[in-house]
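See below for the structure under consideration.
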């Protein structure tokens, strides 16, 4: 849109970390481009790219973090609320161990917001991530809450976030275990109403399993009787 020259290197078209080291790939691409965005799995890969590229490297998504999504989500919350960011309360409900749960917790803490995680304790962010969030909150005045009760998490919030319950690369068998753990953390009209805020808004980084109109959605309905998974 802005007239930049863009090259897309798909996984099968790059030898990064396979026949060519990440360090060498970073040095070559850094001589050819003004910036690099990496979207993949390991956080250590994007950090090594940033160490050796010599140009800005953007994290488009890793297993651990999704910072570019946070830029979009912070802007969206600001645009759709009359409050400044440090007065906004939001909750993330669902599996909070991966990039969206980690990143939203740290975003809220860094921006001085009232951020809540609602999930079974087994699916909370790691102790290291929680400690980082609490340390940031001490500096910014943020309020950080983690609870195993979905209704408690959403009480009084302005926004409710969620994400898929089974991530890319996880086996199909994971669904049964994850649904058993998270069924009470689905975002439903009842959970939205539990916020007590008639203007509460729902956010999802997408794609969402919210109905039967996909192959996975239909399989989940036939197997588990759910029309929609993390949201319905």
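For all residues, glycine too, the Cβ spot is worked out from N, Cα and C.
L-ornithine binding, as stated in Swiss-Prot, involves 163, 167, 168; the candidate among 59, 86, 99 given for that site is 99. DSSP gives residue 204 (carbamoyl phosphate binding site) a strand state. On a Cα basis, residue 99 (L-ornithine binding site) lies 11 Å away from residue 68 (carbamoyl phosphate binding site). Within the group of binding-site residues (68, 99), the Cβ with the highest number of other Cβ atoms inside 10 Å belongs to 99.
Residue 204 (carbamoyl phosphate binding site) is surrounded by 18 other CB atoms, counting those within 10 A of its CB over all protein chains shown.
The CA atom of residue 79 (site 'Important for structural integrity') is located 29 Å away from the CA atom of residue 167 (L-ornithine binding site).
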